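Asks: Dumping what Swiss-Prot says about this protein:
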- ASP221: active site, charge relay system (ACT_SITE)
- HIS253: active site, charge relay system (ACT_SITE)
- SER409: active site, charge relay system (ACT_SITE)
- 86-176: domain 'Inhibitor I9' (DOMAIN)
- 186-467: domain 'Peptidase S8' (DOMAIN)
Amino acid sequence: MRIPYSNLFSAAAGLALFASTACAAPVMPATDSDIAHAGIRPELDNAFYDSHGEAATPKHKPHAGPNAAPLLSASNADTTGLDSHYIIVLQPDLSEQEFQAHTNWVSEMHQMDIASQEDEYYDTSDSNYMFGLKHVYDFGEDSFKGYSGQFSSNIVEQIRLHPHVIAVERDQVVSIKKLETQSGAPWGLARISHKSVKYDDIGKYVYDSSAGDNITAYVVDTGVSIHHVEFEGRASWGATIPSGDVDEDNNGHGTHVAGTIASRAYGVAKKAEIVAVKVLRSSGSGTMADVIAGVEWTVRHHKSSGKKTSVGNMSLGGGNSFVLDMAVDSAVTNGVIYAVAAGNEYDDACYSSPAASKKAITVGASTINDQMAYFSNYGSCVDIFAPGLNILSTWIGSNTSTNTISGTSMATPHVAGLSAYYLGLHPAASASEVKDAIIKMGIHDVLLSIPVGSSTINLLAFNGAQE
C-alpha cells in the first residue's frame, strides 16, 4: 500500500523568537486543495516502516491509476519561485545501478518533454523553463534515496507511476523572519547542570572538562561565523548548499545556534568541533530540497570521518513533511543524532517537521522560572525541554559579537550540545543510545504550564553533573 493522502501535513511552524517576533527558520509547505490535512504524527503502514522505524523496502509492482505514488503537499504554503519544483523519494534498497538508471531515465524523459513543448520552453531565461534534476540524494546502502528538480506535470505523473518511487512532494520555501535584540543574561547553562537551581547557582555551569572533545556537531542553518573568537578555531565551513550563495553567515541565526552548542563562554560542549552546513540563504530563505541536501551532506561527511556517532542541529521546520522526516530518520540511522526544534506556535509539535521525526530528539523551550515557554510547541512528539527564552550566545557583525534571543531554535542547541557532551564521555555510543541517555538523564516533573491533556512529557534537559 501507499502512504495515505491524509495525516501527512499541517500548519507551518516558526522556530526562533526575537522579542515578540517569530525568528526561526519555518518551512512553509505547499498547499494542494485536493489533499486532506491532519495534525498528527503520520503513522505509515508496514509497507513503509518496519518495527524498528526503518523505511521498509518491499518490491513494488508498477503503478497504475490510483496506485501511483502520492503527490504530497501541506497547508500554509509559500511557494514563491518554486512552481513545478518537486522532491522525489525512492525505495531505499535500490542498487547503485538501479538508482543511476532511474535518474538517467528521468533526465531523458525531461529532455524529451522539453523538446515537445512550445518555443517558450527553449528560452532558459524564461520563468516557464523547466530545468530538470537539481539534487540527487543518496544516504548510503538501504538508506534514504531520492532527488529534486523542476519538472512539468506530465513528467511528474510519469515519475509517480514508476515502481521505484515511494512518494513525490512539492518543494517548499524555508525562511527566517526579521531579527530583534532582547535584553537578558545567560542562564541556560546553569539550568542544565543543576537538578534544582538556587539563587547562588545562577551563572554557574557545572560540567566535565572533556565537554565534547573530538566530537563533531553539524549546524544545518544559515551558516556560522567560523572565525568568531568564541569558537577558538574549532569551527569550520562544511558546505554551502544554495546555489551561488556565499560561505558566510550574514543572518546570525546559525552563529547563535553554534555558540550554544560549543562556544567557549556560551556553549554546552566547549571542546566540540562545529561544522557549518548552510542550507538557508544569507537573506534568510531557502528550499526544502536544499535542506535535505544539507542533511545528506552531514551523513556523507560523518561517514568519511570514521567516527561512530556525530551530532546535528536543525533549528528550523514547519508543516509536517514525510520526506524531511524520512531524511532525518535516515541520518540518525547512519550515525548523526539530530536535535530538532519543536516550533513556536504553542501548538502540537506533531504538526511540524522535522519535529515529527521519530528518531531525532525534538526539543521544546523552557524559561528561567521552569515554565514551558509561552510560545513553545508541545505534545507527544516533544522528547524533552531545554532553556529557550532570553538565551545569550555568539552573533555576527564582528568576531566578538553576541546577542540574546529566544525560541525553540535556542532550546534545541542546548540538547545538541548535551549530545556532544555525552559523546565526549561515551564515544562508543550509537545515535540511538545518545537519545536514550539524554532522555534518561532529564529531570522529571519540574516544569509548569504544560497544557493539561496534551500528552506532553514533563522533562527538562540535564547534563548529569554531580553537585
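The count begins at 1 with the first shown residue.
For all residues, glycine too, the Cβ spot is worked out from N, Cα and C.
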Asks: Any idea what the Cα distance is from ASP221 (active site, charge relay system) over to SER409 (active site, charge relay system), rounded to a whole Å?
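Replies: The Cα atom of ASP221 (active site, charge relay system) is 10 Å away from the Cα atom of SER409 (active site, charge relay system).
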Asks: Any idea what the Cα distance is from SER409 (active site, charge relay system) over to HIS253 (active site, charge relay system), rounded to a whole Å?
Replies: 9
Asks: What are the helix, strand and coil residue counts for the domain 'Inhibitor I9' (86-176) according to DSSP?
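Replies: When I sort the residues of the domain 'Inhibitor I9' (86-176) into the three classes, I find 33 helix, 27 strand, 31 coil.
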Asks: Across the whole of the domain 'Peptidase S8' (186-467), what does the mean pLDDT come to? Round it, please.
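Replies: That stretch averages a pLDDT of 93.
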Asks: For the active-site residues ASP221, HIS253, SER409, which Cβ has the most other Cβ atoms within 10 Å, all shown protein chains included?
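Replies: Sorting the candidates by Cβ neighbours within 10 Å, the top entry is SER409.
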Asks: When DSSP is mapped onto helix/strand/coil, what comes out for ASP221 (active site, charge relay system)?
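Replies: In the DSSP reduction, ASP221 (active site, charge relay system) maps to strand.
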